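Peer 1: Sharing the feature lines straight out of TrEMBL:
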| type | residues | note |
| --- | --- | --- |
| MOTIF | A:46-55 | motif ''HIGH' region' |
| MOTIF | A:230-234 | motif ''KMSKS' region' |
| BINDING | A:Lys233 | ATP binding site |
| DOMAIN | A:350-379 | domain 'RNA-binding S4' |
Protein chains: 2
Amino acid sequence: MINAKEQFKIIMKGVSQVINKEDLMEKLEKSITTNTPLVVKLGLDPTAPDIHLGHSVVLRKIKQMQDLGHRAVIIIGDFTGKIGDPTGKSKARKPLTDEQILENARTYEHQVFKILDRDKTELKFNSEWLSKLNFQDVIKLASKVTVARMLERDDFENRYKNNQSIGLHEFFYPLMQAYDSVELEADIEMGGTDQTFNILMGRTLQKDYGKDSQVALFMPLLEGTDGIEKMSKSLKNYIGICEDAVTIFQKTMTVPDNLIIKYFELATDIHPDEVHKIKLELENPKINPRDVKMRLAREITTLYCGKSEAEIAEEHFKTVFQKNLIPDDIDEFILSLDCCVKDDQIDLTKIMTKSGIAKSTSEARRLIIQNAVKIDGKKFSDFLMPNPHISFVIQVGKAKFFKVKIEN
Amino acid sequence: MINAKEQFKIIMKGVSQVINKEDLMEKLEKSITTNTPLVVKLGLDPTAPDIHLGHSVVLRKIKQMQDLGHRAVIIIGDFTGKIGDPTGKSKARKPLTDEQILENARTYEHQVFKILDRDKTELKFNSEWLSKLNFQDVIKLASKVTVARMLERDDFENRYKNNQSIGLHEFFYPLMQAYDSVELEADIEMGGTDQTFNILMGRTLQKDYGKDSQVALFMPLLEGTDGIEKMSKSLKNYIGICEDAVTIFQKTMTVPDNLIIKYFELATDIHPDEVHKIKLELENPKINPRDVKMRLAREITTLYCGKSEAEIAEEHFKTVFQKNLIPDDIDEFILSLDCCVKDDQIDLTKIMTKSGIAKSTSEARRLIIQNAVKIDGKKFSDFLMPNPHISFVIQVGKAKFFKVKIEN
């Protein structure tokens, strides 16, 4: 088993805050002495089932701890989902139905195991124990916390001050999450920095119930490919972990240079010493950041699509973008498969008109006939393309590039 | 059945507030039309089992409604008692044990039926339904109310503003009490004015659960025999409903004249028209208020001890106090039986020394031998008195009077 100090170093990579370091070190040492893996807890709210690199940050950290021998418990907050996490929200959420929760949970499960080690992971639904609590148990739970403490939470405080209503039931979200930690006897709870209040409540509540307090491990939020906003599907600055290798590779290559190290820290499992070396490389003026980013793209693509897919994606990228001098920050059009399919093949003229590359079908046909159109850097003079051909760059003339993505 | 208007008049006697009159009138009319008695609810917190006239105010009002044909449901808040009603308290109460609750409830039951009509009363423990609620039911319940609404309650608001902690569980007291009304489909809930928040919450909650809203009927607080403070055992200004006839009669005679009408309204079942007549009598300068108070004392004593006991008590009072010109506002000493018993009889010398009437046993003996001691107006020259002799006036010389009460 790797010694506690080395484990500590690996766990601390990229972490934004830990409460507290002494407890973490102590837990690691005890784990080694007693040969007992630590229980690493992550609670997931079954509301946003499309996992992207932003969500992967905590999951990758858990995977790193699994590689060190520890055990993960993923809580699907099916019971909690019935309330809706009010974290950071200015209004009470609509509760989910049982069907929605179950469907989201299945999608989650599928995606989570693209990152975590299945053999070292338990997946649990918190309804297992929360649904068994009766009124008296709930009263006991509620008695452990004061109203003032609840109103200290930023979002509650703001809503209270601004006369926006807070349903009394919303106070139970942090309590339920905290009670999960009591039930699991969690050693470490993972979360984003927006989870500080809830995770620290778990720490307190475990003590109130006579258990050892968990270590709270907070990961920073990851900016999306635009380098500015938090990665999010709605902002279209995301890299989805279920996307194809070519897309993951290409999207990673659009990440701004100043985020390369942060991505290495948060989106890969590369050892902190190695990340440190990469940082030094980047500071070397002789090194082209693009080459370092190629390594980042390869690392991330390999994590989700495997080594050979990643190599193909890299080759494709080199062919399309580098050999043909295609810039990598070109506009992307996302089209639905329905609107561009013809006789089971993809109709290029439809793509060109739908995306605005050509003003009309006749103009699109003319451009194709004139050999003015390249697909992924190669001249293309047919109107139909084999299907599926889901992500490619279309070039018209010498200077016009558009990325096209076709979705089902 | 008595018509709605007349019922309304009887119910409204002495009431401090009703929310609202229209609803009450409507319920009374519907009750007559459908020949269905109204369900009158009273929640009792099983913490203070010695019922005195102060507590009797709401019970008497319920008795009056029973006499009009309605049905009472008394809720012993055994489940609620596990939290402790925070009403008017500046600190969270200690929860009661199951044993304490059961014992208090038994005492309550015994006393309550000294006032209520047993045939028209159901006695229920709210654990019957509250203990069956699971976490999800509790969440549903909590979702019906906002944190801001809870913090509007005076005592919560004050504690919050003064940084005194409010346990989250305390918010459930009003919710439980309100849920009791949902469960019972109460038509009227009775309470003191300090119960306004809780009872009105019941009114709202019934609506949220798709039931008819109850009428809230608030009774004023009754001042004790000192005429100043709220009647309370600890302030020794109380008239207990389980006290003996002589004591009830005598104590009632110490009520200040300005409270005679209030006592008639709140502590007797006399018809409002009759109370009105008494009021006019009192305004007549030819009438001695003491005679009106005699009637009050007789009424109250009859309610709790029966007619013949009340007559004996009145006779006793007249003999002791009126014929012997004993003032009725004399000091009272309460002594425990243990400290004044001798050979199964009561040792008068001990009473005289314990109460400070005599400085020493020898002085007490001397006074008794000198025929200077009267008991209830009669000369007494023995050292021992028959036991039990629980309440009497001892007179030493011509001007010194002391009331003595011996308790087990």
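Quick reminder: no glycine exception, Cβ is built from N, Cα and C everywhere.
Heads up, TrEMBL stuff is auto-annotated, nobody curated it.
The model shown is predicted, which means the values in this text are computed figures rather than measured ones.
Help me picture where these features are in the structure shown.
Peer 2: For the motif ''HIGH' region' (A:46-55), the mean pLDDT of the prediction comes to 79.
A:Lys233 (ATP binding site) falls within neither a helix nor a strand when secondary structure is assigned with DSSP, and so counts as coil.
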Peer 1: Please report the number of other Cβ atoms within 10 Å of the Cβ of A:Lys233 (ATP binding site).
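Peer 2: Total other Cβ atoms inside 10 Å, all chains included: 15.
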Peer 1: Which residues, given as numbers and ranges, are at least 6 beyond the ends of the domain 'RNA-binding S4' (A:350-379) yet have a Cβ under 8 Å from it?
Peer 2: 316, 319-320, 323-324, 326, 333, 335, 339-340, 342, 385, 392-397, 400, 402, 404, 406
